[in-house]
Amino acid sequence: MEVGNTTRVTVFVLQGLSNNPHIQIVLFVTFLVIYLLTLTGNLLMLLVIRTDSHLHTPMYFFLSQLSFLDAFYASVIVPKLLENLLSKWKTISFLECFTQISLVIFSGASEACLLSVMAYDRYQAVCHPLLYVVTMNKKVCAGLVGASWAIGMGTGLLNTILLAQQDFCGPNLIYSFACELPPVLLLACSDPYISIASILTTMVVLGLGSLVLLVGSYTCIILTAMGINSATGWNKIFSTCSSHFLVVTIFYGSGIFRYMTPPSGSALEQVLSLQYSVVTPLLNPLIYSLKNQEVKAALRRMLARKLRLNF
């Protein structure tokens, strides 16, 4: 489409992961299996938390929100990835691309906030156990989750609207398998200063801000744990916090590197994008179910109830 003497891009082309048809089939089957397992794992986690009264606590309320967010995040990326693996023309419309960018930023920002909220919840449970029920009541929990979603929505809309103000006059090849802000920004013909400033501000305020809250919460938890002589107390703290700490490490390790380094379209960037958008949503329910005794016990109770109903 031409505006004045400038040709405006209306369709983008995704580079994808491979142009080899045989490799594409293998990748399609692999990512389809991962996606189905991701949906199954996260929806099962939601079901267990919803149906088991032992898990009706703030910690598992936040975990259910994380499971929903992971299933949503994977659904933003993987279906289009699967479609392009079977398609000759790996195109995506301007509107579809920017919608995907907005939803990706929304998911990432909301998850960063939610992980910080979960760390704060563990801090209250370990460091102030007598006041925990009062401090983390239903109203507070709902407010913290609502704030996380609101911050995610605002961050996604702001960065996407600013990016959409740029002129895209060609080329239109995105060096990625999905529409993400860094590779799309490379295609802007106009000065991307405002978008870059917005990204950096988001990373500093939201990324580092939530990271400081995480580090502060876990520092207090570790100091409290060091003052406990009981092996049982140590084990309880470790079992409730280790899963969350592992999820945080995976999330921030790949996300910060992906968004804080200049985009280049390298293979490493593709791997990091796959890790936090495809693999991490699969790993989160596995980490929480395999390392958490309460979740495993709830799963056994649910299976036992189902077996009793069948027989």
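Glycine is treated like the rest: Cβ placed from N, Cα and C.
Whatever TrEMBL says is automated annotation, not expert-curated.
What you see is a predicted model, and the numbers here were worked out from it, not measured in a lab.
Features of the protein shown, as given by TrEMBL:
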TRANSMEM  25-48  transmembrane segment
DOMAIN    41-288  domain 'G-protein coupled receptors family 1 profile'
TRANSMEM  60-78  transmembrane segment
TRANSMEM  98-120  transmembrane segment
TRANSMEM  140-164  transmembrane segment
TRANSMEM  193-225  transmembrane segment
TRANSMEM  237-260  transmembrane segment
TRANSMEM  272-290  transmembrane segment
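Here the transmembrane segment (140-164) has long-range neighbours at 58, 61-62, 65, 98, 101-111, 113-114, 117, 120, 181, 184-185, 188, 194-195, 198-199, 202, 206, meaning same-chain residues at least 6 beyond its ends whose C-beta is under 8 angstroms from one of its own. Ranked by the number of CB pairs under 8 Å to the transmembrane segment (25-48), the listed stretches 60-78, 98-120, 193-225 are led by 60-78. Same-chain neighbours of the transmembrane segment (272-290): 31, 34-35, 37-38, 41-42, 44-45, 63, 66-67, 70-71, 73-74, 77-78, 81, 104, 108, 176-178, 180, 243, 246-247, 250-251, 254-255, 257-258, 296, 299, counting only residues six or more beyond its ends whose CB sits under 8 Å from a CB of the stretch. Taking Cβ pairs closer than 8 Å, the transmembrane segment (60-78) reaches residues 31, 34-35, 38-39, 42-43, 45-46, 49-50, 100, 103-104, 107-108, 110-111, 114-115, 117-118, 121, 141, 144-145, 148, 178, 247, 277-278, 280-282, 284-285, 288, 294 in its own chain, all 6 or more past its ends.
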